[in-house]
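Asks: Structure below; questions to follow.
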């Protein structure tokens, strides 16, 4: 037959050599290249074994049972594998023939990695059969015994992973429920820089396997199904995992995309879980829940105030998806407007009139709250929205005083070396003390780390420090200097001059602080956020630019500094001379200024007009090459790179504009939700009756705590506080159970609407048809030769 298909010359060429001829040798058109299987040669299955595997593949239950019953002598290897390395159990699981799977296990077929295959294929019934199957004369197999089989070196497993980890990777809630009943456990992943004996040994033995194992563990821990099953507080666990994964992505850059994707998965899970809340009561329970590790506000708990601890924690963990979720934003809007909920439904003109009225009469409103904070009028002023308007009006008044300061400045005192403080100076000092006191209170309640995370607080700290230094220098100058002199004759570091410079810089920061008020606007807010992101990217670019600037500065200074003699005339120096001979580059500072302003075409630098004498044309040429290279690298390349970076930053914010803006607005709103800084500067430095009452109450409690009655009262108060805390925790668990149930229901509905559901339906239909065919054949007594499966009729 081969001779009929191929010429004799082909067969002779193939038999003469099993390898192709070398390229250098002359090749004949009749030569062929023999192909040979170089992989491990396995013993070929017998005809009965092929029939057995084929019957398992086709789902023929009665044929499989007949073959197993006839195998009394043991001639048939029931653990045989096909060309793909699959045994009968694996084939049955992939086809979801659970009846045949149970039959095979009863006859002692080896399961090996069948559990992993069932989990990977997400065949819930097969997993249940494997976990509950009891072999003859043995107890029920545990997950540990199944893993011992899988890790046995005599088996050729296809997956190097634990069953519970694989089930978590597939995010199958039902399979994880079955596995967790087997008392499984997971090794706790160590930190990336851990230097313990175990980590050192694993890393030394196989660093790739160690890193991949850590990644598999975190994939398991980040599974929403596993989090819902094993955590009492799934939202908190999702927050912590996303933070850990984000940190890991910065350390293990080789798997950065994987860790970032897992962190994004945790954030989306927390957001989707919050989206299952159906009313304000559930949202209030979730957002006000305090974990055991967080500090508790006992007074707020007894008074049933909203502390929004979970929302603050979400902002701390940078959970933008959670904070910007629609339910959360709706709840924040309700708390923000409080008793002024009708403000949002008013026409635009009435809104403007309301804001202007509050902005004009803010001192009167502050005095009213100072006198009667618990009255109905005081409660309206305590609304976060009203607090925001009053604080904004107070800050605008402060800026107005800064403008007036420049108008009332006396020209006749311009040359006074130590001018006295004006009345307006004392007003500014009152405002600055009020702002400093507000920052101190916020620092006390939030902590140094959380306080410095906000760029608004950093700017306020620098601004207030500059104002304090300004007025301190003015006092020093007034006490030390009393003479009049022309300003150009003053010392360069005269206290009055330094104070004026600091005051000017502080004024710039004061007006820039208004940018943070733009966050409340849906139009200006995204632009303000984009500007902040651009400044961060500009800081990264600055590191590269300074290195290039320093490199060229060193080279030009070394080239032009030798033999330099300063000119007698002082009217034209350095980069400001249109006619010059490159004396700009004689010093390091001068070269830096020249190269910096050269980017903006503001420096007059002569390239070929040098001060070198005849015969030094080579140095002149080198200088021109250096400046020309700088022009190409910085002016052409780096500036275009900066433009591309800024465009990318803006586009990144624009793609997630709504999420970024809502998150930034929530951070601003939260600063007005507590009752720590109700009054604006300078009224906040006046002791209010509320503060005095709190001080008297705290002092009386401290005194009474040392008496017998006071101790009993304190114990009762602690007992009441514990009961309230326990009740809140129970309500939280009830709400969380409802959210988890709704989440699972929504996920099931999404699965049913995808293509996967169609494939599952087809598999079920295929199994039903196969069972129906076998049952009909058995009832009719239809028997055929078992070899007819290989040779079906036409």
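Backbone N, Cα and C atoms are what each Cβ position is placed from, and that goes for glycine too.
Note that TrEMBL annotation is computational and uncurated.
From a predicted model like this one, the values you see are computed outputs, not experimental measurements.
Copying in the features that TrEMBL gives for the protein in this structure:
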- 15-29: compositional bias 'Low complexity' (COMPBIAS)
- 194-256: domain 'Transient receptor ion channel' (DOMAIN)
- 11-31: region 'Disordered' (REGION)
- 352-372: transmembrane segment (TRANSMEM)
- 384-408: transmembrane segment (TRANSMEM)
- 420-438: transmembrane segment (TRANSMEM)
- 497-520: transmembrane segment (TRANSMEM)
- 541-560: transmembrane segment (TRANSMEM)
- 588-609: transmembrane segment (TRANSMEM)
- 621-646: transmembrane segment (TRANSMEM)
Asks: Between the stretches 384-408, 497-520, 541-560, 621-646, which one has more Cβ pairs under 8 Å with the transmembrane segment (420-438) than any other?
Replies: 384-408
Asks: Counting only residues 6 or more past its boundaries, what in the same chain has a CB within less than 8 Å of a CB in the transmembrane segment (541-560)?
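Replies: Same-chain contacts beyond the flanks: 582-583, 585-588, 591-592, 595-596, 619, 622-623, 626-627, 629-630, 633-634, 638, 641-642, 645.
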Asks: Count the residues of the domain 'Transient receptor ion channel' (194-256) that DSSP assigns to helix (H, G, I), to strand (E, B) and to coil, and report the three numbers in that order.
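Replies: Reading the DSSP string over the domain 'Transient receptor ion channel' (194-256) gives 53 helix, 0 strand, 10 coil.
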